[in-house]
Structure formats: structure tokens, C-alpha cells
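> Taken from TrEMBL, the feature L-histidine binding site covers 137, 138, 139, 164, 180, 184, 333, 337, 338. Positions annotated as domain 'Aminoacyl-transfer RNA synthetases class-II family profile' by TrEMBL: 68-405.
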């Protein structure tokens, strides 16, 4: 340590001498007869050594989270837990079971599954073993899990963090580290039955979260492929053109057309034909019209996709969500693994509207809050014999949902509860901490959520103020008189009404009062 300090001091001394232009002084410190060029070379070496050692605190350490990430306060976590509870409750209502997978996968597991988005995968530094990457989504790990465990049928949900080296927009719910909430149905079933259930789940969750009006846009990869073929797009360009169409919700058609022609090398006439189709949206009537279309009617893929889309809308009507579903030919979803129906849920109050001021910018907030589709061939990519397991699923964009709900809470100035404490034990006099501890133990054993101060003799006013700040519904008060008479005083924190309760009836009376308060709040 001492030699390191001396070394740093010597380097600093020489560098200061050099900066002042005192070459003669430097020459006296170095071997006689050194040229200026040699001195400059030695100074360069010293500078490099200085950079390695450090600048003795000259660079101030900045406390911050990495770009595209954030911390969450107790208030924000309370909101998040509420959203998760709503989503998980819906998943379980539909019979799903849950799994978990590693946060990182073998790089080759993720490679080639995301099209142009593959550049957003976080690769981990090689530690002399396996080449790994952080998971980009939960779908590819799920497909790997199915293939590895030879699973043919499962209805599962998975809630976990994923990572994307994207350009973050924190206020709009776009991060580099974020949660995904996925629901998937794997197995060979009749057409559109599991697909329609996924749409029903999206509608249920968005309605229960009370996010406002929304629409679920649907399309079909076979319709897109048939449309591209009918418009003269070479088959090898289908995916890249699909990726360009996928940007239509963020930018103008003219920009998408320019990308197709100038960057993707598509014929202008083909791009113009695509433009006539992708501007159309509607319901069953549009499907019937497209089935009679001169170009699309010659495409086997387009006809099959349109027939399946017609059946999907029929099932949506049976599930009571047809008014929430819109068949939209501009919906593409750029991920390579989709093979059938694709869908995306959009909040109407937060649609992405391109503007001349900046094409591609989200003008009104978060926009898409859920998306998914059918991917029948993904599992086969991991199976040694190429055996496929048909799958369809949906992912809820919870970070964007959190952004909306947080904004609502801030605008309304409603304070969310950060704990679930039901009872706070208050001591009215000093040195009653042991009695408080006994009382809390009794409440915890009765499965009542309770707490008390960790100070021996807290002030009563401070304890009551804590109850009000944390929105704890009941306070149990003990003092010398209560202990002598074997009773407690139960206080309704919001109304400040108090009543005496016998000690042996305390648990029963607390549970009854909590039930009454819960009924009143509904």
C-alpha cells in the first residue's frame, strides 16, 4: 500500500513538472542525455500508468441506477403487487399453472429467434465456460423448456424479468430491464379455440385494471404472407418486409414505404400494392370482402388465414368480447417465430400517433399494453427430431400498465397502502414493551397482521400518528388500567371510536370488526 502511494506521488510530481514545460528539470530527474522525444515517450507511459492506478478521487463516483432501469418505492411496489395479483388471479381462473426458467440462457438458444430485434439481446462476457445471454422474452425459454422436458400439453403462466438493450423511454414504460407476464397454451387443439381464450384473458385483465377504453387488434401471419406474395414480394423478403410493416403504429406509411424500397430493396410497385391493403381494418365484413379479392383469392395462405380469422371473430362473439376486437391488416409483430394469429392490445387514450415533428415518437404515452400470437414451430427448433408442439400465448406489458396507474395515483393524490397491517398495538404508558410483545405474539398466532413500535417507551401520539399515516384500520391500546382489569381498548383509527374488549375475547372481536370494515368498504 505504501509503495503504491509513493508511486502515485512520484507520477503526479513528474506530470506536474511536464505540464509546466520544465524540460530541464525533467532531464535532471531522468538519465542524462535523453532527448525531448524520449522524455515525451516516458511521460506517455506515466500517463497510462496513472490511468490504471486511478486519480486519487479526482473522478467523483455517481450513485445512479444503470440506464433503462429504476428503483421502486414502497408506494410503487404496492401498486405493482396489486396489478400482479389481478393478472395472476385471471391466469389461475383460466386453469393455468406456473413455471420458472433461468434469467440467462445459452446464447445459441436465443440466436435466430427474434429477427431484426436480435441485436437487442444482452450477451454476457465469456467466463471460460458456456457462452450465455440474458433472456429477451419468456416465450423462447418456454419453448426450450417444453422441448427439453418432452411436454406436449400445458397451460402455463410465467411472470419474470427480461432484458433488452433497447433505447429506453422511462416515462412511457419502456425499460431495459422489465417484467413480462406471459400466458401460453401448448398442445394440439382445434383451430382458434385456445387463440380466442388468450384474447378473452387480455380483455378480462384490462377491464379489471380499469385502464379505460381499449381495442385488441388481430391479424394472421398467413394473411400477411399471402398478401406479400400477391403483391410481388419475394419469399426471402417476407420477414424483413413484415418487420417494416410492424412500424406502422409508430410512423407514417411514407416512411415505411421508403424503408421497404430503399433499405429492403423492394420494387416500388409492390410497396404501393402493400399500402392499399395495410390501411384497411374492420370485422367480418372486411374478411368477406378480402376473400373475394382478385389477388388474395389466388393465395392458399391468405384464404386459410382469412377463414381462421373469421372463426376467431365468431368465438370472440361467444366470449362476449367481439366489440373489443378489430381485424387490422397493418398489424405485423416483427418476431420471426409467429406462424398464425397475432394480436396486440392498444389503449385508446394512449394511441401512438405519428407527427411531422418526429415520426416514430410516441405522442400520447404507452400505447400497446399486451401482445402475442401463435408460434407452432418454435418448440421444434429445440427438439432433436424436430417435433413441433403447437403453442399460442399472450404477454401483458405490465411496465406500461404500471406507468398509467402510477400517473393516475399521482394525479388524484390518492395514497396507496404499502403494508397490510390490520392492527397496531399501542402502549399508553412507559415500559410496557413486554406486554405489547405478548399481545402481538397472540395476534400473529391467530393469523392477524399486527405490529408495534420497536421502542420501549414510544409516545402515544407518535403511535397513533403512525396508524393514520400507514392507514392501519385498528389500534389495540394497553395501559396500567387495561392490564389490571384484563381488558384492551380497541380503537377504529379512521373514526377514532373506542370500546373496551375483554382480553379473552380480543381476537374474536378484532376479526369480527375487520370483517365489518371490509364489508363497508365494498
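Sequential numbering from 1, following the chain as shown.
Quick reminder: no glycine exception, Cβ is built from N, Cα and C everywhere.
A TrEMBL annotation is a machine prediction, not a hand-curated record.
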> Using Cβ-Cβ distances, find the residues under 8 Å from residue 333 (L-histidine binding site) that belong to the same chain and are at least 6 apart in sequence, listing them in sequence order.
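Listed in sequence order: 246, 342, 344, 371, 373.
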> Given the model, what does the mean pLDDT over the domain 'Aminoacyl-transfer RNA synthetases class-II family profile' (68-405) come out as?
89
> Output, ordered by sequence, the same-chain residues six or more apart from residue 139 (L-histidine binding site) with a CB under 8 Å from its CB, or 'none'.
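Listed in sequence order, they are 182, 184, 337, 375, 378, 393, 395.
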> Going along the chain, which residues six or more apart from residue 137 (L-histidine binding site) have their CB under 8 A from its CB?
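Sequence-distant Cβ neighbours: 114, 162, 180, 182, 395.
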> Under 8 Å between C-beta atoms and at least six apart in sequence, can you list the same-chain neighbours of residue 338 (L-histidine binding site), or say none if there are none?
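Those within reach of residue 338 (L-histidine binding site), by Cβ under 8 Å and sequence separation of 6 or more, are 221, 373, 374, 375.
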> With the L-histidine site defined by the record as 137, 138, 139, 164, 180, 184, 333, 337, 338, how many Å span the farthest pair of C-alpha atoms?
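About 21 Å separates the two most distant Cα atoms.
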> Tell me, how many other CB atoms lie within 10 A of the CB of residue 180 (L-histidine binding site), whichever protein chain they belong to?
19
